[in-house]
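As structure tokens, the structure follows; a few thoughts come after it.
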Amino acid sequence: MIDTVAIEKKWKDYWFNNNIFAFKKGDKNYTIDTPPPTVSGKMHVGHAFSYPQQDFIARYKRMKGYNVFYPWGFDDNGLPTEKFVEKERRVTIDNTPLKDYIEICREVSRESEKGLYQAWYDTGISADFKNYIDTSSDFSIKISQEMFLDLVAKKRAYRDEAPYITCPTCRTAISQIEMKDAIISTELVYINFNGIEIATTRPEMLGACVAIFVNPDDERFKKFIGTTVNVPVYGYPVKVMSDPSIDMEFGTGAEMLCTFGDQHDLELWKKYGIKARIILKNNRINDGSVIINMPIKDARKKIIDELQSKNYIIKIEKIKHSVNTHERCGTPIEIGISKQWYIKDLDIKNELIEFGNKIEWVPGHMKIRYDNWVTGLKWDWCISRQRYFGVPFPVWYCDNCGEIILAGNEELPVDPRLDNKKRKCEKCGSDNIVPETDVMDTWATSSLSPTLYLKHINQMDLYPMDSRFQGHDIITSWAFTTILRSYLHYGEIPWRKIVISGNVYDPFGQKMSKSKGNIVEPRAIIENYGADALRYWASTTMQGENIKLREQDLMRGRKTVIKLENSLKLIMMLANNKKPGNTIPEFPVNRWITTKMERTIKEVTEYMENNEIMKARISLDKFFWNEYCDNYLEMIKNESSKDDRRDETLSTAFSVFENILKMYSPIMPFITEELFHQANPSFSGSIGLEPYPEFDGQMIYNEENEVDYIIGVIDKIRNLKSQMKLSMAAPLDILKLHGDAKIIQKYDYILEGMMHINSMEIINSEDTYIEN
RNA sequence: GGGCUUGUGGUCCAGUGGUUAUGACGCUUCCCUCACACGGAAGAAAUCGCCGGUUCAAAUCCGGCCAGGCCCA
């Protein structure tokens with residue numbers, strides 16, 4: 001049995017050690033904006049499905065004579081890495097100084113990268129693994145900061161208020177995914193809001209009330225909508241507003257919007273753009289009038305007392321209620337607002353749509369998602385994140401006059417949080433300078449991937465790139481932000497084409513997940529079936545379509561690998577292990593297979609150019625299995641010993657086979673490399689750099705129709721033998737064949753040799769049939 | 001709620017107006033023919049989700065409905 005593990009090991013190391021896929025700029029270049037995997041994860045079947053689809057194109061283009069820039073990268077910024085480090089090293093920002101924390105994050109990332117690329121390497125991805133970027137390196141930070149400063153200079157980056165979520169116990173910023181719901185026992189307080197009755201679980205937030213909300217369909221409150229009421233105790237006016245998200249069944253059906261009691265408050269505040277009143281900070285309430293810097297509990301008691309003494313309280317109910325808490329310590333989260341950085345994009349929607357139109361989307365309908373997203377944008381892009389491991393903003397603020405102080409380009413990369421340099425405010429002369437403590441959204445750096453890749457090799461003249469490959473789940477993030485940044489910085493599209501890949505599901509169409517226990521590791525597939533079989537499977541779907549992972553579909557690829565190996569074994573045997581020199585085919589059967597091959601080359605090439613890998617592969621499969629193996633090799637193996645046509649036939653068998661290998665090689669690089677070297681022992685290159693077969697119209701011969709006719713006759717004889725329950729090798733003493741006598745006579749030696757016919761009687765007739 | 005997308009033999013998937021609807025997996029029968037039984041030959045198996053419309057002609061175009069998936073809200 002074929003040892004795919006050994007063969008694959010041999011060739012992936014060969015490619016790597018000989019820098020087969022290193023980029024050298026030439027006249028024809030093809031550049032790929034590779035998606036960098038995140039260091040906190042590992043390769044899953046989704047990757048094993050989508051990366052080969054990029055690789056098919058990369059390898060095809062290389063064989064088509066392009067100098068292919070297929071770079072490699074790692075994405076190691078942001079929250080996922082922080083969580084990963086927390087798990088791996090038991091290090092959290094609460095127990096570690098920032099400087100050390102960042103160091104450890106970087107260290108863990110570098111370590112993880114060492115093993116991470118291996119899975120892609122094993123899959124035969126032809127990226128240049130020696131030449132990679134990572135998004136947390138000094139290089140990437142420098143470029144990301146430079147580009148940020150460019151946005152500031154272009155008046156595209158600005159500061160404005162934005163909400164943030166913190167844990168008052170841990171005193172750290174937390175993100176949505178670090179929260180969990182908890183059910184707590186609390187009191188629901190019914191308050192008479194000077195005419196409208198509301199209920200709240202957070203009476204202590206009364207001083208942060210900025211509106212009253214009711215459901216627009218609620219008959220009880222319709223008359224209040226649009227009116228103004230005064231906040232009890234505080235006495236300032238707020239509007240009564242309506243929103244369909246208000247639950248009519250909860251409390252009285254009317255709620256106060258406080259900035260901010262919970263996430264729902266945040267959503268409504270954002271949606272309606274109401275001015276915030278922030279009174280809660282670090283677990284203490286300070287409204288400047290009624291409550292002066294009191295812990296939440298005390299403030300709650302005081303407000304209830306105040307309300308009660310003035311007869312505003314209708315009743316108090318004990319309820320169980322769901323709140324957002326910090327998953328690590330269980331403390332209810334706190335929402336505040338702070339000044340954060342935005343990238344302005346709402347004014348250029350039309351231009352962004354236009355850019356989307358200039359890019360070729362594969363499949364085309366995926367562009368609609370982009371269009372819908374851009375059209376529906378309601379806010380500028382907030383790029384500040386209250387995290388730690390990420391690209392720092394190269395920005396300080398004057399604590400005295402509020403001036404924004406930007407780093408100079410020569411200082412980059414810089415981390416203001418750790419920077420000791422003394423700075424002075426140029427405006428007011430104060431030396432009371434504070435650093436920006438937020439870091440950038442990871443997309444703020446990922447959106448620069450074409451720039452990062454090309455600057456890394458100092459070839460910005462190759463901008464825009466040719467292709468981006470990515471999943472449809474991040475069209476609205478990665479694709480969108482990349483197009484946006486490209487527009488803002490260069491006024492140019494980032495790539496000419498974007499190719500969207502689908503998802504992988506289990507055999508029943510279910511998503512794979514740990515909880516369902518239906519996860520399949522790519523490594524297991526490679527071990528059991530081989531990387532070529534895995535890649536073959538990845539080619540069995542239309543671009544952008546989803547796929548189910550089924551064992552039998554992996555088997556089909558493996559069978560093709562074995563069939564290729566056996567085919568070479570046969571023709572090597574027929575040729576006594578020596579590949580003959582090239583000849584021009586003259587004998588009809590050789591002309592026939594050559595003609596079929598040319599037609600296949602034409603078809604496969606057209607499909608490959610059109611990103612229709614599956615159709616290319618089906619066309620090639622049909623040619624290889626049916627025409628080459630089942631018919632051509634069967635015809636020649638009994639016949640090739642005849643001296644006068646031996647050399648030409650063997651030569652044709654080899655040259656056609658090598659073209660088959662070349663056409664298969666983008667999909668199945670390992671076995672094709674192995675067999676190509678076996679057929680050509682002195683060859684010292686790579687099939688991946690060999691020229692792709694070119695269609696040659698001169699090689700279309702008229703004999704095609706005759707041999708097609710003969711194959712029809714063969715099918716009839718095979719059918720007869722099958723009906724007679726005979727072996728295909730069983731001899732037929734006499735066969736009475738009706739049909740086109742001229743053609744049959746021309747090819748009688750093929751029929752006799754292949755079907756083991758001792759004597760044949762040919763009767764000329766319009767219909768072709770065998771007489772019993 | 002809006003948008004996109006899918007619905008074809010038991011299973012997976014081609015086919016986008018026109019002769020008996022492609023192939024793979026599975027199934028049945030036969031064949032160890034000196035490359036391959038992870039092979040070869042033959043065969044059974046589909047009213048192309050449902051309803052209606054356009055057309056000489058629809059799996060294919062149009063409308064509606066049903067059912068899945070994804071994205072957005």
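Using the three backbone atoms N, Cα and C, a Cβ is placed for every residue, glycine included.
TrEMBL: automatically predicted annotations, no manual curation.
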Among ranges A:201-205, A:511-515, A:681-685, whichever one TrEMBL labels motif ''KMSKS' region': A:511-515
In the chain carrying A:Lys514 (ATP binding site), residues 6 or more apart in sequence that have Cβ under 8 angstroms from it: none
The motif ''KMSKS' region' (A:511-515): DSSP-derived helix, strand, coil residue counts: 0 helix, 1 strand, 4 coil
Secondary structure tally of the domain 'Methionyl/Valyl/Leucyl/Isoleucyl-tRNA synthetase anticodon-binding' (A:590-734) (DSSP, helix then strand then coil): 105 helix, 3 strand, 37 coil
Secondary structure content of the motif ''HIGH' region' (A:37-47), with strand meaning DSSP E or B: 3 helix, 1 strand, 7 coil
